[in-house]
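Undergrad: The structure follows.
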Amino acid sequence: MHAMESRVLLRTFCVILGLEAVWGLGVDPSLQIDVLSELELGESTAGVRQVPGLHNGTKAFLFQDSPRSIKAPIATAERFFQKLRNKHEFTILVTLKQIHLNSGVILSIHHLDHRYLELESSGHRNEIRLHYRSGTHRPHTEVFPYILADAKWHKLSLAFSASHLILHIDCNKIYERVVEMPSTDLPLGTTFWLGQRNNAHGYFKGIMQDVQLLVMPQGFIAQCPDLNRTCPTCNDFHGLVQKIMELQDILSKTSAKLSRAEQRMNRLDQCYCERTCTMKGTTYREFESWTDGCKNCTCLNGTIQCETLVCPAPDCPAKSAPAYVDGKCCKECKSTCQFQGRSYFEGERSTVFSASGMCVLYECKDQTMKLVENAGCPALDCPESHQIALSHSCCKVCKGYDFCSEKHTCMENSVCRNLNDRAVCSCRDGFRALREDNAYCEDIDECAEGRHYCRENTMCVNTPGSFLCICQTGYIRIDDYSCTEHDECLTNQHNCDENALCFNTVGGHNCVCKPGYTGNGTTCKAFCKDGCRNGGACIAANVCACPQGFTGPSCETDIDECSEGFVQCDSRANCINLPGWYHCECRDGYHDNGMFAPGGESCEDIDECGTGRHSCANDTICFNLDGGYDCRCPHGKNCTGDCVHDGKVKHNGQIWVLENDRCSVCSCQTGFVMCRRMVCDCENPTVDLSCCPECDPRLSSQCLHQNGETVYNSGDTWVQDCRQCRCLQGEVDCWPLACPEVECEFSVLPENECCPRCVTDPCQADTIRNDITKTCLDEMNVVRFTGSSWIKHGTECTLCQCKNGHVCCSVDPQCLQEL
């Protein structure tokens, strides 16, 4: 798409938005969730009480330091979520006054352990945290350094627009970021908490007023009407790009279908295909009917369908009678002759013997018996006693004469049999006669008529002229008519898992998982009663296979590669242990040259003098050293040894407390500023417990681990789910684990690890920031936007994606199995 076309389309889009999103002084109630009103907080609500707020227009509530459970009822929470579910533009608004050093949750929307949306303010680390889940179901945390817990009133708004995030404090834009798009596909059972994460953790202490969720673009306008609005919003732009991508995909698919249709039409133009049927060497066209013996047959959709012919009773005139005609199933009228008191059909012969014993032969012709001239008889090679006289011929035949070799009328499923003086038709075994002369026969369905010999545990299946006795499932054959129960367990012909027990049953078998395994028997997985943590896999009963970097029965213990000597970092780097792995971090005075060597070999000296990152006073000269610097007096001069810190001169020997950190003490020593944490003397009764929480002996200052079992003392720290946690006077504060920066275009977060790593292949990366200005050409030379996906032309299971100008394709194994 050309740039001019894009700008015109965006302007048009903004005009449309302007027509439908004009706001006045109020907010559409259908787009607003007034949390405090909906929760109906009052005097009977434990842990909160109504107090004066920033203004008198709405109620304000003090969240006290006492047990409480401010959780929305199920019906109320579902009303919230119905407005919020699957929306990509919404804003959190709150007016609050948080006490000093409190770390608490403002609001939390979570399902089990999955935090879909949680806003937290930490007074310990002076930062605001947003925890959320993205559309890929991965947890994310955004940290905004800001002092909110200062016992002062603040207006906070956090606006989401697709992947665009804006934080306003007191109507000032503090942060604006591009993040992974949050998921609002909230499952049933999701809970809504205010002022706490759950009953035991994340207590907010202070006052809250005007807590609202606005499901509309740029909801911060409701709190600060004078702020500027933008058009289109990020979500609008994402929607526009998505529509373009959808239209592009439809166009591509339609073009491909049209191309295939044209190819098929070209082939069809060259031939005409008609479905036909073939029977006994004769081909019949679609819907054509014909008679085959005693059946009426039709060709339907290339298949022959036949029905037994129903013969009508013929109404014959005088001197005729119904009789079978060669090649036809039903009787037809045929001329007759009357001779010596008996009726004969046309062509039928009869012998008469005279008084002298002479044989005279007559034949019915034209309704009259006429004399047939005797042409003589062939000589017989059998004795007189084996010669047989015939009723329709004056010539005798030898005993055993083959009358069937002469012309006979036996047709389908009928066989010719010789008698002493003639041939007759007889139905084959398993067939019955369709007429009295047995010339035509049909199959007997022994199964339907109960004329079979199949015994118990079998199923009767009809076949032409016979039947079969098929064994039921779970049984094996004894003979043609009998089956007995089959022990699949004994013969190892079962489908039980290797970790299951097989129990034989009548007609089948049951599979039961062995102790220590769970499942349906056909699939059994090992069960570990304490679970396998940190990505470990349960491979046998109560046996965990731990990923690299963890150990212990439940993989609960992180291996400290640094202290145990598994790693040797470069002399210019320090080994930093991380959950599951480690990092070689450049020491003070060094920085990475951009190569990010895993062992720290890429650490280079920082020229503090050249970059101005030194504390030498004006009367000294800075000399760069490997890993540091030195403040030296010019030759022949005396120096004061003063230092420069935060733009202020500190005298040599001076000691001071940092303005923004009362727990750190700095001193100036001959031009160098040395800072350290305050030394904690727990024997001193006046020790500052805020700086020395480890000196707080009170039981009320202890914390309970997230697992509900481990107890920590004030000041203790631990790592939980890629977060660094600290117990401070009874409160648990957790923040994202500090990860080394990855200055690379493509990175991947390995499974069960906390920090991303660089990769060179964009197709392996999972943290690419989609740049919609970069496009790809697919195999059909169709332009694809970054973020779009399609099925590769000519395949059914190859999915391709455009990742920042790179085409990445992979085969879906599940799709292959379904083919």
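Cβ atoms here come from the backbone N, Cα and C positions, even for glycine.
According to Swiss-Prot, the record shows the following:
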- 443-444, Glu446, 462-463, Ser466, 558-559, Glu561, 577-578, Trp581, 605-606, Glu608, 624-625, Gly628: Ca(2+) binding site (BINDING)
- Cys454-Cys469: disulfide bond (DISULFID)
- Cys471-Cys483: disulfide bond (DISULFID)
- Cys489-Cys502: disulfide bond (DISULFID)
- Cys496-Cys511: disulfide bond (DISULFID)
- Cys513-Cys524: disulfide bond (DISULFID)
- Cys528-Cys538: disulfide bond (DISULFID)
- Cys532-Cys544: disulfide bond (DISULFID)
- Cys546-Cys555: disulfide bond (DISULFID)
- Cys562-Cys575: disulfide bond (DISULFID)
- Cys586-Cys603: disulfide bond (DISULFID)
- Cys609-Cys622: disulfide bond (DISULFID)
- Cys616-Cys631: disulfide bond (DISULFID)
- 58-231: domain 'Laminin G-like' (DOMAIN)
- 275-334: domain 'VWFC 1' (DOMAIN)
- 558-604: domain 'EGF-like 5' (DOMAIN)
- 701-759: domain 'VWFC 3' (DOMAIN)
- Thr551: O-linked glycosylation site (CARBOHYD)
- 1-24: signal peptide (SIGNAL)
Undergrad: Look at every Cβ pair spanning the domain 'Laminin G-like' (58-231) and the domain 'VWFC 3' (701-759), keep those 6 or more apart in sequence, and say whether at least 3 of them are under 8 Å.
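TA: Output yes: the domain 'Laminin G-like' (58-231) sits against the domain 'VWFC 3' (701-759).
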Undergrad: Could you break down the residues of the domain 'VWFC 1' (275-334) into DSSP helix, strand and coil, giving a count for each?
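TA: Summed over the domain 'VWFC 1' (275-334), the classes give 0 helix, 29 strand, 31 coil.
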Undergrad: Return the residues near Cys622 (disulfide bond) by Cβ distance under 8 Å, restricted to its own chain and a separation of at least 6 in sequence.
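TA: For Cys622 (disulfide bond), the qualifying residues are Glu608, Cys609, His614, Cys616, Tyr629, Asp630, Cys631, Arg632.
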Undergrad: Below 8 Å Cβ to Cβ and six or more residues apart, same chain only. Which residues does that give for Cys562 (disulfide bond)?
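TA: Those within reach of Cys562 (disulfide bond), by Cβ under 8 Å and sequence separation of 6 or more, are Cys575, Ile576, Asn577, Tyr582.
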Undergrad: Near the residue listed as 'O-linked glycosylation site', meaning Cα within 10 Å, which of Asp443, Cys489, Cys502, Cys586 (recorded positions)?
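TA: If one measures from the Cα of the residue listed as 'O-linked glycosylation site', no recorded positions come within 10 Å, so the answer is none.
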Undergrad: Measure from the Cα of Cys496 (disulfide bond) to the Cα of every one of the recorded positions Asp443, Cys513, Cys586, Asn624, then give the nearest.
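TA: Comparing Cα positions, the closest of these recorded positions turns out to be Cys513.
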Undergrad: Enter the number of other CB atoms within 10 angstroms of the CB of Asn462 (Ca(2+) binding site).
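TA: Neighbour count, Cβ to Cβ under the 10 Å cut-off: 17.
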Undergrad: Over the domain 'VWFC 1' (275-334), what is the model's mean pLDDT?
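TA: Averaged over the domain 'VWFC 1' (275-334), per-residue pLDDT gives 89.
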Undergrad: Recorded positions Asp443, Cys454, Cys502, Asp558: which have a Cα within 10 Å of Cys513 (disulfide bond)?
TA: Cys502
Undergrad: Tell me, which recorded positions from Cys454, Asn462, Cys544 are within 10 Å of Cys528 (disulfide bond) if we use the C-alpha atoms?
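TA: Taking Cys454, Asn462, Cys544 one by one, the ones whose Cα falls within 10 Å of Cys528 (disulfide bond) are Cys544.
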Undergrad: Within 10 Å of the Cβ of Cys511 (disulfide bond), how many other Cβ atoms are there?
TA: 19
Undergrad: Could you tell me which of these recorded positions, Thr551, Asn577, Asn624, has the fewest other Cβ atoms within 10 Å of its Cβ?
TA: Thr551
Undergrad: Suppose we draw a 10 Å sphere around the Cβ of Cys489 (disulfide bond). How many other Cβ atoms does it contain, all chains included?
TA: 17
